[in-house]
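According to TrEMBL, the feature domain 'RecA family profile 1' maps to 39-198. Sequence annotations record features per position, and here TrEMBL assigns ATP binding site to G69, P70, E71, S72, S73, G74, K75, T76. Annotation comment: TrEMBL describes 203-276 as domain 'RecA family profile 2'. Per TrEMBL, region 'Disordered' is recorded for 333-376. Positions annotated as compositional bias 'Basic and acidic residues' by TrEMBL: 349-358. Per TrEMBL, the feature compositional bias 'Acidic residues' maps to 362-376.
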Amino acid sequence: MTLSHDENRQKALEQALKKIEKNYGKGAIMKLGEASDIQISTVSTGSLSLDVALGVGGYPRGRIIEVYGPESSGKTTVALHAVAEVQKQGGIAAFIDAENALDPEYAKALGVNIDELLLSQPDTGEQGLAIADALVSSGAVDIVVVDSVAALVPRAEIEGEMGDSHMGLQARLMSQALRKLSGSINKTKTIAIFINQIREKVGVMYGSPETTPGGRALKFYSTIRLDVRRAERIKSGEEIIGNRTKIKVAKNKVAPPFRVAEVDIMYGEGISREGDLVDLASDMKIIKKSGSWYSYGEDRIGQGRENAKKYLRDHPEVYAEIDHKVRVAYGFEEETEDEGNLGASTSESDSKKVEKVNEVAPDQEENETLDIFEEE
């Protein structure tokens with residue numbers, strides 16, 4: 001049985017479409033193929049490994065991102081790198097500091113232009129979310145960061161007595177706010193990053209007892225959820241100079257989820273771009289590793305990973321060349337004509353994807369208990 005599309009039905013459809021456009025404006029309804037922005041527009045995360053793990057080269061515009069994890073795992077660092085990338089492209093960024101813990105000097109070290117950063121330190125959760133809504137609705141802000149959801153305390157709780165029960169207040173607040181925010185975030189193509197903490201549920205016998213505060217709404221509305229965890233310490237002799245951090249893409253609506261990116265977060269510097277590049281380029285054989293030595297082309301660039309990172313930091317032209325090759329291999333940038341002519345000899349190695357970044361942790365896919373056992 002086939003459905004006929006005769007002239008009468010076609011005319012009726014055209015009239016309905018015209019009426020919808022007249023009532024709700026042009027673009028209220030269209031055929032998907034006619035949409036001018038089918039291609040997902042993104043902004044780099046500030047980490048090449050994380051760009052690769054997300055599958056689309058960065059954070060998608062007009063979407064909600066949740067970044068959660070234990071204390072001091074690097075959640076705010078990840079968000080501030082996104083702010084810096086937006087500002088590099090001439091965009092406007094806003095930071096809603098509900099925790100009252102933003103360090104301007106650290107933000108500056110990460111590349112954030114603090115003179116142009118819009119900062120709010122709200123008194124209540126309602127005030128913080130209302131400010132976020134006003135900024136997003138203006139259409140003039142490119143990224144809004146809320147740090148953190150757990151610190152968005154409802155007014156009733158602040159005005160009440162210590163020890164009073166306020167069951168589900170924060171969950172209702174977040175649910176109501178996200179219903180309103182999600183539409184305007186999409187229309188204005190604003191990136192909204194919500195940083196969240198983790199809590200432990202009592203009496204969980206099977207699976208992970210960890211959960212995130214603020215109810216289920218943020219989980220549903222988020223396009224991407226990033227689980228940030230410290231893996232190991234980075235030492236220089238006896239001195240601890242940073243952390244090796246795993247960022248797992250726990251949810252992704254624009255590419256396959258459960259990919260893992262490993263990055264170096266250095267104290268006072270943020271995510272090491274050079275460390276990212278050494279790892280990715282080595283896995284793709286753009287940088288060759290023989291024993292403990294790293295080499296690029298005919299040149300040895302360092303013995304050991306830290307020395308290779310230092311070489312790239314001291315030679316920005318070499319860094320830019322390798323970075324471009326990696327981005328071309330992943331489809332984030334286009335190949336130049338000269339590279340196209342030379343591509344026959346190198347295409348096999350450059351086309352390999354980084355298995356390390358794309359691997360799924362053994363039990364994590366099955367044990368996504370954060371989304372299953374959530375209680376408001």
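Cβ coordinates come from backbone N, Cα and C, glycine included.
TrEMBL does not curate its annotations; it predicts them automatically.
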TODO: Other than G69, P70, E71, S72, S73, G74, K75, T76, which residues of the same chain sit close to ATP? List them in sequence order, counting a residue when its Cβ is within 8 Å of the Cβ centroid of the site.
DONE: V228, R230
Open item on the list: Between G69, P70, G74, which of the binding-site residues has its C-beta surrounded by the fewest other C-beta atoms within 10 Å?
Closed with: P70
- [ ] Over the span of the domain 'RecA family profile 2' (203-276), count residues by DSSP class, listing helix, strand and coil in order.
- [x] 9 helix, 38 strand, 27 coil
Open item on the list: I want to check the contact list for T76 (ATP binding site): same chain, sequence separation of six or more, C-beta distance under 8 angstroms. What comes out?
Closed with: A101, L102, D147, I195
TODO: Note the mean pLDDT of the domain 'RecA family profile 2' (203-276), expressed as a whole number.
DONE: 95
Task: Under 8 Å by Cβ from S72 (ATP binding site), same chain, sequence gap 6 or more - done: R230
Task: Neighbour count (Cβ, 10 Å) for S73 (ATP binding site) - done: 22
Open item on the list: On a simple 10 Å Cβ count over all chains shown, which one of the binding-site residues E71, K75 is most densely packed?
Closed with: K75
